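Peer 1: The structure is given below, and queries will be raised subsequently.
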Amino acid sequence: MEKIKMTTPLVEMDGDEMTRVLWAMIKDKLILPYVDLKTEYYDLGLLHRNETQDQVTVDAANATKKYGVAVKCATITPNRQRMEEYPQLTQMWKSPNGTIRSILDGTVFRAPICIDAIKPVVKNWTKPITIARHAYGDVYKSVDFETTEPGVCKLVFEGENGERHEAVVQKTNGPAVFQGAHNTDKSIRSFAHACFTYALATKQDLWFSTKDTIAKIYDGKFKAVFEEVFTEYEAKFKEAGITYFYTLIDDAVARVIRSEGGFIWACKNYDGDVMSDMVSTAFGSLAMMTSVLVAPDGTTEYEAAHGTVTKHYYKWKAGEKTSTNPMATIFAWSGALRKRAQLDGLHDLEAFADRLEAACFATLNAGIMTKDLVGLVEPGFTATAVDSETFLDEIAKRI
Ligand code: NAP
Ligand code: MG
């Protein structure tokens, strides 16, 4: 069989532990037999990041900017425990995802992979809900303190050219707590562009919610920036048959629960933190959650939402077969290949991405699953737990 050709390389970021093991298996069993794979390979495994003083992460992010599409394996973010586990580490290296996100200035979109045998807790959700979380500012970059005496707290801005604002936060009679938060027009604008671009790319309606009735200036800015940026996309939205819908966060929550899904819900940083955990838990499993980083210029990086599955890795290292779920990592690959295909006009490659995903669904629908999913299956469906390798072989049979 002649393999499917590629024209532009995909930026490939390898990672750590069990997901690194799965990464190689996925390539060997599901991609290399069919695709004449062209990648620019970056090893983001912890030890290689250490050897390169983390330059490899920066290089990988810059390559992503250059080529436009990347696929990333889960990576270890070292903490104190990891420093003991890997004594050769010269620094507690920063989270690669954080480094890549700041270079690409991106927004993270998380969406569940849904199958018939596993129903979301919310029964009327028949289509996936994607959460787009603004990943900059607000309470995550705020300052706070507590006070003990009666007094007054003021918020003061001193511009470099003389602009000045001063507001009384509150006059208090006794002990109190205070908090100062910010966001920037630039970051909000990037967030808006990423959301509209992603909605068009995935042909889904976009919802956006804030609390601008209460935070009239702060959240009012988010609402206004989105409205203004939308004027650049309005015609394309119409053409694609999708809509942009703004509502208050409390109204959005009620509507989301009553909805059938199938849209993107853009959330401010805190709302996105809280709502993405609610939505992903309601849909079933972290192992079935995809994650995509999209920059305002459309540069896209695909990955799984879960980590390196450390516990499974140590079992695998000890010679045991593990039943680690590769679905989210496979979908990172299919997503990246599809995006590359669309940018380069490669119909065979796009069809292959579809076929790979269809083979995954066919395998799950045949009741062949990893252990984590078997316990979630609805009555009336049969499911057998297999190890990761068998699961991948079963997918390969169905491509
Ligand atoms: P994790 O790797 O997501 O795993 C937590 C637990 O969730 C696992 O022990 C496993 O439960 C279950 N799980 C997650 N993914 C699974 C899969 N594909 N198949 C089956 N079960 C799965 O999170 P963690 O243990 O907190 O973090 C491990 C390492 O990953 C850390 O070093 C962290 O820095 C890194 N991390 C990286 C990323 C990223 O690169 N995007 C994200 C998060 C964490 P059972 O053990 O009960 O089977
Ligand atoms: Mg959280």
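Backbone N, Cα and C define each Cβ position, glycine as well.
Model, not experiment: these values are computed from the prediction.
Checked TrEMBL, it gives:
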{"type": "DOMAIN", "residues": "9-395", "note": "domain 'Isopropylmalate dehydrogenase-like'"}
{"type": "BINDING", "residues": "Thr77, Ser95, Pro96, Asn97, Gly98, Thr99, Ile100, Arg101, Arg110, Arg133", "note": "D-threo-isocitrate binding site"}
{"type": "SITE", "residues": "Tyr140", "note": "site 'Critical for catalysis'"}
{"type": "SITE", "residues": "Lys211", "note": "site 'Critical for catalysis'"}
{"type": "BINDING", "residues": "Asp250, Asp273", "note": "Mn(2+) binding site"}
Peer 1: If one looks at the chain holding Tyr140 (site 'Critical for catalysis'), which residues at least 6 apart in sequence have a CB under 8 angstroms from its CB?
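Peer 2: Listed in sequence order, they are Asn269, Tyr270.
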Peer 1: Looking at the binding-site residues Thr77, Gly98, Arg110, which has the shortest Cα distance to Asp250 (Mn(2+) binding site)?
Peer 2: Arg110
Peer 1: Give me the Cα-Cα distance between Gly98 (D-threo-isocitrate binding site) and Lys211 (site 'Critical for catalysis'), rounded to a whole Å.
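Peer 2: It is 27 Å, counting Cα to Cα.
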Peer 1: If you skip the near sequence neighbours and keep only those at least six away, which residues in the chain come within under 8 angstroms of Arg110 (D-threo-isocitrate binding site), Cβ to Cβ?
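Peer 2: Residues satisfying the criterion: Thr130, Ile131, Arg133, Ser276, Val279, Ser280, Met289, Thr290, Ser291, Val292, Ala305.
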Peer 1: What's the CA-CA gap between Ile100 (D-threo-isocitrate binding site) and Asp273 (Mn(2+) binding site) in angstrom, rounded?
Peer 2: 19
Peer 1: Looking at D-threo-isocitrate and its recorded binding residues Thr77, Ser95, Pro96, Asn97, Gly98, Thr99, Ile100, Arg101, Arg110, Arg133, figure out the farthest C-alpha pair and report it in angstrom, whole number.
Peer 2: 21
Peer 1: If you count Cβ atoms within 10 Å of the Cβ of Ile100 (D-threo-isocitrate binding site), leaving out that atom itself, what do you get?
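Peer 2: Other Cβ atoms within 10 Å of Ile100 (D-threo-isocitrate binding site): 24.
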